[in-house]
Ligand SMILES: O=P(O)(O)OC[C@H]1O[C@@H](O)[C@H](O)[C@@H](O)[C@@H]1O
């Protein structure tokens with residue numbers, strides 16, 4: 001995966017239109033001269049919109065709380081340092097489901113932009129966000145008293161969105177963490193999509209008492225509530241969300257250092273049970289494909305850092 005963090009070449013800036021970045025109401029929005037855009041809320045560093053090919057690519061519930069009172073239902077919430085309900089007798093036990101990253105206010109660290117050297121002036125803009133123990137609420141700091149820093153980079157280019165998270169241990173003690181990018185992809189009709197490249201992979205089915213299974217399908221159809229953690233995947237092999245009608249890829253997701261992928265759709269009953277999910281029928285318009293490291297724990301030694309990323313290509 002290419003990391004695009006080179007500064008713009010001196011001299012080109014004057015003649016070519018440049019990406020624009022605007023900051024208002026606790027959101028940062030970046031747009032490319034070719035029309036693509038991304039919006040990130042400082043609350044959770046949650047990407048709430050990604051427009052490409054003239055279309056919104058991410059699902060956002062009509063009742064999502066955008067005022068910092070609840071994690072945002074839709075877009076790409078960041079899950080850290082625990083996935084799901086925290087286990088008992090663990091360093092994360094006192095944290096809420098999915099940790100604190102999605103319900104803390106991050107700092108905007110700035111932007112960088114570049115042009116790809118290989119194609120005709122394709123632009124890239126990267127937005128960086130930070131969260132550290134000093135920015136956490138008193139409550140979260142008490143519940144997870146480690147000295148850490150997160151740097152989350154959201155990189156937009158013409159056909160893809162990359163999100164990368166660096167985790168740094170700035171303290172004197174080791175800590176364990178799980179991490180996940182909880183991406184809500186927008187689809188027209190859940191019954192008309194398939195999820196590919198999961199065949200023969202082991203998954204934990206959270207709808208069946210967390211039992212272990214092997215995926216039999218080479219093109220998984222979602223036909224009811226689905227909540228599965230696919231494990232030990234090769235991050236370089238893309239998970240493809242394709243159209244059932246013509247097998248055309250709608251999204252392709254490659255990862256770096258993220259070997260688990262959660263496939264989640266609440267279906268109708270669970271959708272009705274979530275106060276911030278609306279309309280109820282909108283479960284048909286989304287599929288979560290969540291790249292993470294959640295099967296075990298990453299141990300980060302004092303002074304070390306770790307980095308994971310996903311790259312989502314749209315309507316290839
Ligand atoms: O309602 P939350 O906390 O945002 O979680 C949504 C879902 O997130 C998924 O990642 C989990 O696998 C599900 O079990 C969970 O229901």
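Cβ atoms here come from the backbone N, Cα and C positions, even for glycine.
Classification of residue 102 (substrate binding site) by DSSP places it within a helix. With a 10 A radius on its CB, residue 102 (substrate binding site) counts 22 other CB atoms from all the protein chains. For 73, 97, 102, the entry in TrEMBL reads substrate binding site.
Feature annotation from TrEMBL assigns active site to 182 (among others). Within the same chain, residues at least six positions away from residue 182 (active site) with a Cβ under 8 Å of its Cβ are 76, 77, 78, 79, 98, 102, 262, 288, 290.
Secondary structure at residue 290 (active site), taken from DSSP and collapsed to helix, strand or coil, is strand. What TrEMBL lists as active site is 290 (among others).
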For the substrate site built from 73, 97, 102, further residues of that chain with CB within 8 A of the site's CB center: 70, 71, 72, 77, 79, 98, 103, 182
For residue 73 (substrate binding site): intrachain residues, at least 6 apart, with Cβ closer than 8 Å: 60, 61, 63, 64, 65, 274, 276, 277
Contacting binding-site residues for ligand 1, chosen from 73, 97, 102 when the Cβ sits under 6 angstroms of any of its atoms: 97
